[in-house]
Every structure is written in C-alpha cells, then in structure tokens.
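A.B. asks: Take a look at the following structure, please.
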Amino acid sequence: MEKKRIYLFCSAGMSTSLLVSKMKAQAEKYDVPVLIDAYPETLAGEKGQDADLVLLGPQIAYMLPEIQQQLPGKPVEVIDTLLYGKVD
C-alpha cells in the first residue's frame, strides 16, 4: 500500500516539529502507512502539491484561503488550537 503524505506548515517550527514526532510515533505504533513532514509556510504552495493532506498550524490560520487557492483540490485544514497547544 502506498503511503499517504501529510504535510504540516507553520511559521515557527518548534511546536510543529514536536507534533510531527508524536504523529510519526503514533502512525508507526498503529502501522498507519503515512509520511509526515513539516515545512515553513513559505513552501506551502510548492511542497503542498505533493501532499495528500495539508495541515496548517493555528498561527497561520489566516493563510487558509490563500493556501487553498494555491492547492486546488487538496484537502487543507487548520489544526485545532487546543490540540496543537497540547501537542496531541
């Protein structure tokens, strides 16, 4: 089975890096076939083309319409602020 690509985009990176690590650990634990990576928001239009799912950190939620426009047909969602803050 081909792995799905989940790409997270944010402005700072530290919290997102922690979240990516936890997501990768859970995917491995439950044998979920995904590749998860994080990038700065400046690469959303470029890197997002290769993603199956694009997640945005809450600090760049204001960019949702712009990124959706750059990635027509791609699912783009903002990570819930509470879950993001808990790195859960």
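Using the three backbone atoms N, Cα and C, a Cβ is placed for every residue, glycine included.
The shown structure was predicted, so the numbers you read here are calculated from the model rather than taken from an experiment.
Swiss-Prot lists these features:
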type: ACT_SITE; residues: C10; note: active site, phosphocysteine intermediate
type: DOMAIN; residues: 3-88; note: domain 'PTS EIIB type-3'
type: MOD_RES; residues: C10; note: phosphocysteine
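I'm curious about the neighbourhood of these features; can you describe it?
C.D. replies: For C10 (active site, phosphocysteine intermediate), the Cβ neighbour count at a 10 Å cut-off comes to 24, with all displayed protein chains included.
In terms of DSSP secondary structure, the domain 'PTS EIIB type-3' (3-88) contains 44 helix, 21 strand, 21 coil.
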